[in-house]
């Protein structure tokens, strides 16, 4: 059945009647009625200068569809004006009413844009005319580019955003705590140590003598007191509470013993029982 | 369970000589009039050869039922009986929706006739033209009726093979709602429109357009074959006319010597619908501190965390899951009620299938979730959620030995030293009091 399709097509093409347009013309007029632009439309190529409509302008398009051979007016089944935005892919189809004699008139009033006009951006709309009929060859004509004011964006589905990469979110961190300059801290340290000057000065005057320092009754107690102090420093630097309590407990037993001994020694000495 | 199933598939794949199979099962129910069954032999035999297990059923036959004891009997259903108004009791729009909810995939053919299926299509955001208005196009000039249309296929499409020849279509178009779950597969030619079969009057078209709304179905915004992926991941493909799968169109040339792309197109559509192509899954996810491999249950504020996800894609040629690094726009969210951090989860070079992101935990404590919610048209959606706690530092986790505290440290140490010195002097010293007392006694 399709052994000779190309020949069949060629034959069909040769036989199919061809439609053409007579006196196609477009006019742009402002809302006051003054004509801004009026040009015939070339069937061979699209107009190189885009047609610009502001928000009150009216575009009028008139033509007559005729049989190319007989010249008689024809009313085709399909006479569509197609508006196409190449960037967004949006498309609008506007059927044009054609009389039995083939005459057609279309008016695009930007004050009341038809529903068929697709949502527009800054990009121009490509306007083409599609004429189709069961008895004639189809005819597609690219007319001109149309620049119209941008419309509102198309309302998107609420879930649409989740089907695209979402904007990145960065957490705003609290600023790092500011420390005072180290020299100031060092100065404050010196201020804290200042009483030692007074202490050491007075010490020089009093000049106490630690005569019993190494006496076997007292020295262990001083040693354990020192050990306690060191334990607390060690705790501050490294140890955990539990360790400190256990070490401190052991040390406390020793301290009680040494302290008892040392204090009783001192007591004995003071009352002169020695 | 999942592993067991995939293992079974693997064994089944080896048993049948590594046939291309679906990731969710091979049993297919074809609901078709027995008289028309032979019209689709190329497409259906192709499926059989691929390894699918086809069961045929007339639209009015009572068995085999699609859902038995609340369990779907088949993994996939093809409904080619598009013109039937009456189906058996168990084939209703409701049961088809239930099938989708039970992870069964459907291919549903529509026709210009008003059937229960055309009203179901509306539930999937597809609006059909009035009954009795198929798609017609006078472009391009060709032999044959205007309702049999060669439609050129998009050259690059995530579902279809590249550079397919145009496909023959006859049937009904649908306009697509803005539902993001829809996956347009084939669009109508720009010059086509829906009209009555006998042509209708030119004025009727203008009147339809002037009525507004969806009065005129025309142009390339219309869909002919449209997929829909539910939130559960099951897929349904709506086809404007069953004829697109027919032997007649598969063998019909689009022009001299150029075969139509129908057969390959039908295979691609079935591949997508039956979960063979564009099927992804998350194998596992991990999280840990930077420079560590141990996964923690809680992190401290300001920690540097690394999160990784391992993603596989189903390869129907070998019926296996293979690591897949091809996703470029995966995102990770770290959320507590709202996302606190949203960052790109990028493929790790050198490790196939691994996607990783490192970030600093927010300085707010609470219960956070690592969230992946990747939804793209035509792809299986990927979801993963892992809950971790972000806690403030422990009592000993704060910075220490700060320069600002030097005076306090010095104060404390000097007090201690002074106390020690005083104690030592007091204990070891010779008191003046005693001397004074001694003098008195003397």
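Here the Cβ of each residue, glycine as well, is placed from N, Cα and C on the backbone.
Checking TrEMBL for transmembrane segment across the ranges A:159-179, A:243-263 points to A:243-263. Per-class residue totals from DSSP over the domain 'Ribophorin II third' (A:41-137), listed helix then strand then coil: 0 helix, 43 strand, 54 coil. Through the fold, the transmembrane segment (A:218-237) approaches residues 212, 243-244, 247-248, 251, 254-255, 258-259, 261-263, 265-266 of its own chain, all at least 6 residues removed from its boundaries and within a Cβ separation under 8 Å.
Residue counts for the domain 'Ribophorin II C-terminal' (A:173-270) under DSSP, helix first, then strand, then coil, are 73 helix, 0 strand, 25 coil. Within the model, the domain 'Ribophorin II C-terminal' (A:173-270) carries an average pLDDT of 91.
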